[in-house]
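Presented below is the structure to which this report refers.
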Amino acid sequence: MERLVATRLVTGLAVKIMRSNGVIHNANITSVNMDRSSVNVEWKEGEANKGKEISFADVISVNPELLDAVLAPTNVKENMPPQRNVSSQNHKRKTISKIPAPKEVAAKNSLLSESGAQSVLRERSTRMTAIHETLPYENEMEAESTPLPIQQNSVQARSRSTKVSIAEEPRLQTRISEIVEESLPSGRNNQGRRKSNIVKEMEKMKNKREEQRAQNYERRMKRAQDYDTSVPNWEFGKMIKEFRATMDCHRISMADPAEEHRICVCVRKRPLNKQELSKKEIDIISVPSKNIVLVHEPKLKVDLTKYLENQAFRFDFSFDETATNEVVYRFTARPLVQSIFEGGKATCFAYGQTGSGKTHTMGGDFSGKSQNVSKGVYAFASRDVFLLLDQPRYKHLDLDVFVTFFEIYNGKVFDLLNKKTKLRVLEDAKQEVQVVGLLEKQVISADDVFKMIEIGSACRTSGQTFANTSSSRSHACLQIILRRGSKLHGKFSLVDLAGNERGVDTASADRITRMEGAEINRSLLALKECIRALGQNKSHTPFRESKLTQILRDSFIGENSRTCMIAMLSPGFNSCEYTLNTLRYADRVKELSPQNAETNDDNLQMEDSGGSHASIEGLQLQDDFLLKDEELSTHNSFQDALNRVGELEDKAVDELRELVQKEPEWTNLLQMTEQPDYDLENFVMQAEYLIQERSKVLIALGDSINSLRLALQVEEQASKQISKKKRSNK
């Protein structure tokens, strides 16, 4: 049966096929393979041509009309195969029909055969004539399908001719003869026409394929022109650009409402700087909405296939590279200014990697090495303080405004408004933290504050890092204090934190760098825990773990305490690790899940940033990384050694200060000898007393110095252990 159906399957025939997903659509037969009982079909999908191989059985199952056409009887006369000998055609015509033709027809046929009918045959029409009264279904099939093989036509013609009823012979005889007369001479031309149509169709399909290939090649060339292949990591840049094309971004603007939070965590992305542009780095950070940040982390599979891992983080507010300092201030620090007039304590932090824009955000715009201090958060807050001070609801309070500006470097406090004098942090009898010797300067306008900012910024400690030749290596804190007489009414602390990338330099060969990294890490961890304790209303706040949190203790304790953190992000490809560390740090401060964020972009593939959210009580280094137990033990040993060094250093400095403070007694003793009638016995007694006291101090100082040296050796060994662990893990 399949062989019979195969006779109807010819090249160019339009059939229906079923895809693997169950979809049925039309396709054209391009070739027939009788040995494998299959056909090759081709169809157009979109702008591409596709094809597949289908068995005869599958074709019959989807196209049952082919089988019906083979089995059904028909009285339609089809075109006869062309023959070279016209007399043989007449013979076949008579034997196939088995119906005696009238004399006129016979005479006509004989006349045609004798008079050289070849020329007449070429002039006849090649149209096909069908008897619609007899088999309308088969006529419809013939009209829809493509021309069939010549052998098939002859076989079907014979089968149909034998089934003509004898009773219908007088009526059909003349009609059949006419059909035979018209079909037989046109057989040669029909065959040529069928072949030419198939060839034309194949050529048309070939031309379409060539055009499609040319179009695809042009697209590839155009796509290659869009990306500079000389740029490092251009493949990642291409993937990021294609991903961003699917996003529906909604940037934050000044028209959006400013929500008030007790703890507000925001993220700001800066644009690529000149150094990154010169290196042709790609931008790996996207801000699709006002509270979502995406990091396109470049990854490599085992087979070195490049792909992106898109990590999503949610915060209260997210600012892209187009946001100005004024926009950032409106949603971060501005809501906190009014709280200090109501007797509250507010704190605003700028956190992030060196070169991410912390000082730019807090201090103001840079033009070369000069800074415009009137365009930073410091200046905006100062203006709003004096604006609120003149309002009637606060004017009757008769408040005075004071400013302090200090820095914390290596756990030590220095006054930036008093020639960088070293300060001591102590607790008084009321268990309130006092910065002994900190200079508070009264100001009467915002311009006075600007001058203080310029003076303090010029004295701030800086150092060189891989990101910046002159990087701030200390935490700078500007405090705007409101006093009503001598009583504290409110305080706003604006803190520009040190770069967090030095927190991983605890294994450096340079002791100063190790100390910097350890102190920065210590203060940042303690700061995070204090903010979390404030947000979760914990009974214990670990503010004693660092000098920074110790000084800002009153900002973490109390119902009127409010905090805002601005996490600064560097978008460059080479800053991906530090950027993720910054985002994880900010995420753990408030722990907002990105899955709960409201966004209109359904195509965002947001993944949980991961990591444990367990609270860290005490000091653990490298909070930005998940450490194994043995690694954590090594870091704890280093931290213990570092704490011991700090304690012994403070002890030795105090003893030395005590020794220097007794220096006037020795001066007085010396001046006694210059008098002509001084009491020698009294001189001896005072000298012996001072020597004994000095001996005690010197012995104690000597012991402290020896202990400090041993502690430094222990710290050195602990640092080497960390270095070995890192090398073994690589």
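Each Cβ is built from the backbone N, Cα and C atoms, and glycine gets one as well.
ARG268 is the residue from ARG244, ARG251, ARG262, ARG268 that Swiss-Prot records in the ATP site together with GLY352, GLN353, THR354, GLY355, SER356, GLY357, LYS358, THR359.
Annotated by Swiss-Prot as region 'Negative regulator of microtubule-binding', the relevant range among 211-242, 499-530, 627-658 is 211-242.
If you take every residue in the region 'Negative regulator of microtubule-binding' (211-242) and average the pLDDT, you get 77. Taking the centroid of the Cβ atoms of ARG268, GLY352, GLN353, THR354, GLY355, SER356, GLY357, LYS358, THR359 as the ATP site, the other same-chain residues with Cβ within 8 Å of it are ARG270, ALA350, HIS360, THR361, GLY499, MET568, SER570. Counted within 10 Å of its Cβ, the other Cβ atoms near THR359 (ATP binding site) come to 22, all protein chains included. For GLY355 (ATP binding site), the count of additional Cβ atoms within 10 Å of its Cβ stands at 24 [all protein chains shown].
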